[in-house]
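J.: Pulled these from TrEMBL:
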- Cys79, Cys84, Cys132, Cys136: [2Fe-2S] cluster binding site (BINDING)
Amino acid sequence: MDHSIAIAPDDLVQRHTRPGMSLVAILHAIQDDVGFVPPAAVAPLARALNLSRAEVHGVITYYHHFRQQPAAPVTVQLCRAEACRSMGTEALAKHIEARTGCQFDAHKHGAHDKQGHGAHEDGAVGLESVYCLGQCALSPALMINGELHAKVTPQKFDMLLAAAMKQVEQPA
Ligand code: FES
């Protein structure tokens, strides 16, 4: 799939790099700007910060927040942190994977996705793990396309997913 962007990777890095900025801060700025951190930006980032490409790549893959390809039309971000785990997040995650046919964090694993499920390469849904959405008292919590939902049951998820898919198929 073509993940090219309208701006050259060197220009993108230059646009978001200021003296003294950390790599993580620059990665946030890039992802906020174009929706993901293009793999082609790794080399210019390494040059700009005097790091190795492996170091830059390591930071991008360490943090769940950063994605290296555009988000799926329907992106589900499920909280996998403690409070949600104690309220059944893992069972909910299994339900979500079965329902969507996708695997959590396949966008991170890329070609190494052991079950061979491409994230959303072949479909409309992407599943991402996140760690605390500030809704611990109302867990399990998740976001669908940036909209927060609390006390999510499998049944509630099915309804939310159906609504989100409908929106993608028939944008307002
Ligand atoms: S632990 Fe899930 S919202 Fe805080």
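Placement of Cβ uses the backbone N, Cα and C atoms for every residue, glycine included.
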J.: Using all protein chains in view, find how many other C-beta atoms are within 10 Å of the C-beta of Cys84 ([2Fe-2S] cluster binding site).
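T.: Around Cys84 ([2Fe-2S] cluster binding site), other Cβ atoms within 10 Å: 27.
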J.: Using Cβ-Cβ distances, find the residues under 8 Å from Cys136 ([2Fe-2S] cluster binding site) that belong to the same chain and are at least 6 apart in sequence, listing them in sequence order.
T.: Ala81, Glu82, Ala83, Cys84
J.: Near the Cβ of Cys132 ([2Fe-2S] cluster binding site), how many other Cβ atoms are there if near means within 10 Å?
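T.: Around the Cβ of Cys132 ([2Fe-2S] cluster binding site), 14 other Cβ atoms lie within 10 Å.
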J.: Under 8 Å Cβ to Cβ from Cys79 ([2Fe-2S] cluster binding site), same chain, six or more residues apart: give me those in sequence order, or none if nothing qualifies.
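T.: Expected: Thr89, Val130, Tyr131, Cys132, Leu133, Gln135, Ser139, Pro140, Ala141, Leu142.
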J.: Residues near the [2Fe-2S] cluster site, Cys79, Cys84, Cys132, Cys136 excluded, by Cβ within 8 Å of the Cβ center?
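T.: After dropping the recorded site residues, what remains is Arg80, Ala81, Glu82, Ala83, Thr89, Tyr131, Leu133, Gly134, Gln135, Ser139, Pro140, Ala141.
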